[in-house]
Amino acid sequence: MEDPFSLAILNPASNLSVPTQPSWSLNLTSEQGASVPGPHSPPRGPPSHRIHLVFLGIILVAAVAGNTTVLCRLCGGSSGPWPGPKRRKMDFLLVQLAAADLYASGGTALSQLAWELLGDPRPALGDLACRLSHLLQASGRGASAHLVALIALERQLAVRIPQGPQLPARALAALSWLLALLLALPPTFVVRWDAPPSSTANAWPGKHCCRGIFAPLPRWHLQVYALYEAIVGFAAPVALLGFSCGHLLCVWWQRGSQAPVARMPWSPSMARASLPSALPQAKVQSLKMSLALALLFVGCDLPYFAARLAAAWSSKPAGDWERESLVAAMRVLEVANSAINPLIYLFFQAGDCRLWRRLRRRLGVLCCVREEEADISEWAGDHQALHRHRWPHPHYHHARREERNQGCLRPPPPRPRPPPCSCESAF
């Protein structure tokens with residue numbers, strides 16, 4: 001009879017008195033020697049995804065800083081003289097554009113950053129969060145585009161018909177905001193919340209949360225939606241911008257072609273002729289600003305919508321087309337439009353800033369000196385001082401008295417003053 005306390009018949013058991021850490025130890029008793037999985041931090045995503053988030057953060061900070069500066073400059077400077085109703089209308093449109101850029105950058109960049117950093121919402125709030133995010137993105141993009149087109153239209157009417165009927169800026173600005181919200185409703189119904197499966201090894205918080213509904217549908221559904229988005233968000237504003245900027249360029253070209261007439265040699269026959277009308281320098285600056293805003297809108301939004309249309313007509317399956325690398329990169333370029341718009345305004349309209357005047361004066365010294373030397377060399381042969389020009393010749397009234405007796409001609413009047421240097425501030 002065997003001893004019941006023999007070591008040969010005792011079942012091997014773990015020493016329960018010793019604390020064990022199964023999550024960080026190796027299972028040496030297993031045949032394959034596999035490690036027991038322990039708690040690990042969630043993956044952080046690919047480097048391109050992190051770079052995308054960094055660029056979105058930089059653009060968001062730049063957009064908030066620039067547009068806040070524009071709003072403080074236009075809304076807070078009430079201590080100066082009243083600039084007049086026309087300037088008030090232009091300032092009102094610029095304030096609306098700055099507010100639209102703030103709304104667009106916050107709706108696009110801030111919503112994406114919050115979505116990626118905070119992680120997946122609850123399933124009950126997933127669809128609502130997706131639709132609200134797309135509503136903010138589409139409406140902000142549309143409001144900014146509509147106000148850029150409205151500014152170009154207002155400048156076109158102010159240049160072509162200065163004394164004509166004024167544009168109802170407040171009503172059209174309210175209509176632009178309302179139209180942007182209405183046209184942004186369809187994008188809210190083409191997305192749904194879909195959390196990634198838990199078995200996915202390379203899933204990070206916020207990955208593929210909002211997906212389109214076009215994966216199980218035929219391809220033409222996605223193509224129709226892409227066409228609608230391109231026409232409403234890009235083609236229609238570009239058509240209005242092309243009409244307004246085309247008229248602006250025509251007026252600018254006509255007024256510029258009449259300007260060389262003023263530089264022709266002075267003759268007595270031109271004494272009674274009136275000089276051609278030219279655009280004021282401040283109006284030229286606002287015209288240039290409108291053209292720059294239009295070109296910036298086209299340059300920033302054209303690659304994004306081209307990538308969207310290319311993804312819709314590609315041979316790839318219509319899955320998560322919102323998350324393609326090219327479309328995501330073009331979205332960053334589109335959001336950059338909201339950060340560059342205030343810089344354009346500050347470049348063209350900051351003429352009364354003391355630092356800006358010093359910078360323009362320092363940069364314009366060289367070209368001003370060259371223009372003055374050219375004018376002096378051109379007029380040196382036939383231009384003298386006024387008293388030397390008159391003495392010892394008789395004065396004008398003496399010449400008029402002697403015209404009938406001696407038949408002498410009236411001395412020509414002095415030449416007009418040369419135009420100011422082009423480097424001087426327009427303000």
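Here the Cβ of each residue, glycine as well, is placed from N, Cα and C on the backbone.
Pulled from Swiss-Prot, these are the features on record:
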COMPBIAS  410-421  compositional bias 'Pro residues'
REGION    402-427  region 'Disordered'
TOPO_DOM  25-50  topological domain 'Cytoplasmic'
TOPO_DOM  72-89  topological domain 'Extracellular'
TOPO_DOM  111-170  topological domain 'Cytoplasmic'
TOPO_DOM  192-230  topological domain 'Extracellular'
TOPO_DOM  252-286  topological domain 'Cytoplasmic'
TOPO_DOM  308-327  topological domain 'Extracellular'
TOPO_DOM  349-427  topological domain 'Cytoplasmic'
TRANSMEM  4-24  transmembrane segment
TRANSMEM  51-71  transmembrane segment
TRANSMEM  90-110  transmembrane segment
TRANSMEM  171-191  transmembrane segment
TRANSMEM  231-251  transmembrane segment
TRANSMEM  287-307  transmembrane segment
TRANSMEM  328-348  transmembrane segment
Composition by DSSP (helix, strand, coil) of residues within the topological domain 'Cytoplasmic' (111-170): 48 helix, 0 strand, 12 coil
Close approaches to the transmembrane segment (51-71) from elsewhere in its chain (Cβ under 8 angstroms; 6 or more beyond its ends): 94-95, 98-99, 101-102, 105-106, 109-110, 112-113, 116-117, 328-329, 332, 335-336, 338-339, 341-343, 345-346
Spatial neighbours of the transmembrane segment (231-251) far in sequence, C-beta under 8 Å, 6+ residues away: 138, 141-142, 145-146, 148-149, 152-153, 155-156, 159-160, 183, 279, 287, 290-291, 294, 297-298, 301-302, 305
Same-chain residue ranges lying at least 6 outside the transmembrane segment (287-307) that approach it to Cβ under 8 Å: 97, 141, 144-145, 148-149, 151-152, 155, 159, 229-230, 233-234, 237-238, 241, 244-245, 248-249, 252, 279, 324, 326-327, 330-331, 333-334, 336-337, 340-341, 344-345, 348-349
